[in-house]
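Annotated in TrEMBL:
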- A:12-31: transmembrane segment (TRANSMEM)
- A:72-284: domain 'ABC transmembrane type-1' (DOMAIN)
- A:76-97: transmembrane segment (TRANSMEM)
- A:109-131: transmembrane segment (TRANSMEM)
- A:157-182: transmembrane segment (TRANSMEM)
- A:203-225: transmembrane segment (TRANSMEM)
- A:265-287: transmembrane segment (TRANSMEM)
Amino acid sequence: MLIHNADRRMQIYGALLLLPAAVLLGTFAYLPTVATLINSFFLPGFRGAPPEFVGLENYAMLVEDRTFWRVARNNLIYAFGTIPTSIALALGMALFVNARLPGRGFVRMAYFTPTILPMIAAANIWMFFYAPQIGLFNKLLGALGLSGVNWLGDPSVALTSVIVMTVWKEAGFFMIFYLAALQSIPPELKEASDLEGTSRWSFFWRVTFPLLMPTTLFVLINALINAVRVVDHLFILTKGGPNNATNLLLYYVYENAFSFFDRTYAATITVVILLVLAVVATLKFTVIDRRTHYQ
Amino acid sequence: MTAMPRLHGQRGSSMNPDNNNQGQDQGPQRQPSAPHATMRDHQRIRLEAVSKRWGDTAAVDAIGFDVAPGEFVILLGPSGCGKSTTLRMIAGLEQASSGRIEIGGRDVTHLPPGDRGISMVFQSYALFPHLSVADNIVFGLRSRKVPKAERRERLARVAQLVDLEAYLERKPAQLSGGQRQRVALARAIISEHPICLMDEPLSNLDARLRGEMRREIKALQQRLGMTVIYVTHDQVEAMSMGDRVILMQDGRIVQDATPSELYERPASAFAAGFIGSPAMNLVTLSAAADGAVIDGEPRCSVAPHEAKGHWLGLRPEEIRLLPADAPGVPAEVIDAEYLGADSIVRLKVGSQQLRARLDGRPSLAAGSPCRLQWRREAAHFFDAGDGQRLAIAGHDLAAPPGRHRFEPGLAGASTQEREARASSHPAGNDSSGVNR
């Protein structure tokens, strides 16, 4: 009986320790998720009327919505444009600053600076780079005698411009993870392969890259989530325009909820985003995890 | 003959291989430029005034030595003495600040490691954690673009050699320490480089495994005729494996000699103290009327006058304990530490302390008086200033009592006293078996 009581007390103790985190997560993550799912089955009630249950009608509308597909396609291009580029750049920068070079600390700092900047501030800086008349890029092009590009105004260029800015912002952040992973690789491995006359290139592909796989997986998941989650720069740079050329899923959700006041439709899109993200993350973990060596 | 077998006798079976080594190494080591060695001259390693400096401190200070083909050379020394740095400079992993390194008559001082024709075994093994044992072993062959068929054939041969056939598909993390060590060895052997450098390869293993691997590495080296430079701080490894031992201290070579020379004729007090377990006794000598005596024990002189003020070095296993009425240096037992095959007895002589290694378990009561003797050749003398060996011969202590080096008055009184005590404590009775 005494043991039973002590056991029970331990359980309560454990539950109490979990409580703060559970409350926070429940209130701000799980509850909204469930509420969103429920909302997506309703039409918004206007002028104080109660919301009307419509089942899957919102989802049917979504399938018909050409803007949604446009935005989804944009987001896919955005993801494919930002993720591999920023990861490759991050790895390259990490390899560079991991080597012995003068002013290494300064270079590391410089690479990491974009990450410290808030997205809004970074977007403001890039506004001045991209601005059609006074912008840095067009000034440079003008100096070379080339006519400028309307970086953010031209629908065929705008998305690429947004992608470039995002890569600039994210690469430094991912570099930190790669740098940490590189420093955990014992230097003797390099020495052992040097003794066999292994070239740098060969050492990278046969040793360094496989040993960095856990980091790559982690960064990949993070980059994917960021590609869908971070849209702050759109508020400053393009507001999703011109003609939805740079509109991304989350920004489209925001527009629906707070510009068009169609909160249940916004909820529907959110549910779809969550589902897609969950499926992709599961795939990545099951497929890549099997080929990854964890130390 | 007394010294070596005793040292190894207590440690088990390494006596025979060691004696073999001593026999063999005389050839290449004594005459490094012997003509018969020219056919394998690509294995010769020569260091000339090689230094490594970081800022103002010299980790390795103008070191020079020759390694003959097929020789097993040990770089021995306490941590921080520069032995690993020396090895890494030979490997090319560290650039020499000055001096010249030759391998096979070729100046390799500025060559990258991969072009020096050497393999290396690291203390941490440096296995690639994501590769299987087989892939780890053939890693270098793939770098050197060896055809697949040959790779497989060489892998099979080496795996058999180091007894790893059953583990080829495993990852290093699934192996025991000894097996990992074997993978590292296999990786060095499969390259078929005639020279292998080893940087404390056994220090991560437990004591039993270390003994096994010691014999295995030595056997492999002899079977494959490899030239090995082996870094260690473990004197047992150095004595049992090396054809030649280079003892280092503070970036310099203290002594470069065969294990038996190192043991029997240490070049300095440092060398004397580093080799042997327990280490050689070093006691201060002071002046007396008839020669140098152990400080605080004026009754028995142990060396001629010129030894006074310097150090006398005595191996614990060379000291014989005799009854108090025998000739020799008067001493008093402090305590005895029983180790199984033998015991370490601490003795007080004048103001100095000595340790003696005695067979079995001598029944010595603390405080009982006794006499010490040693062979003339067993007494080493070292300069009190720089620790260098002095060419002084000690007195013969086994001479009958009553000779001139006993002070007449003192000797008579103390002899009676000692006889009385010796009968009640049969302290010296075991001494007949001691040390000879």
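In case you wondered, yes, glycine gets a Cβ from its N, Cα and C as well.
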Distal contacts, the transmembrane segment (A:265-287) - CB-CB under 8 A, six or more residues away: 33, 36-37, 39-40, 58-59, 61-62, 68, 217, 220-221, 224-225, 228, 249-250, 252-254, 256-257
Residues from the same chain, set at least six apart from the ends of the transmembrane segment (A:12-31), whose C-beta lies under 8 A from its own: none
Long-range neighbours of the transmembrane segment (A:109-131), counting only residues six or more past its ends (CB under 8 A): 93, 97, 137-138, 151-152, 161, 165, 168-173, 175-176, 230, 232-233, 235-237
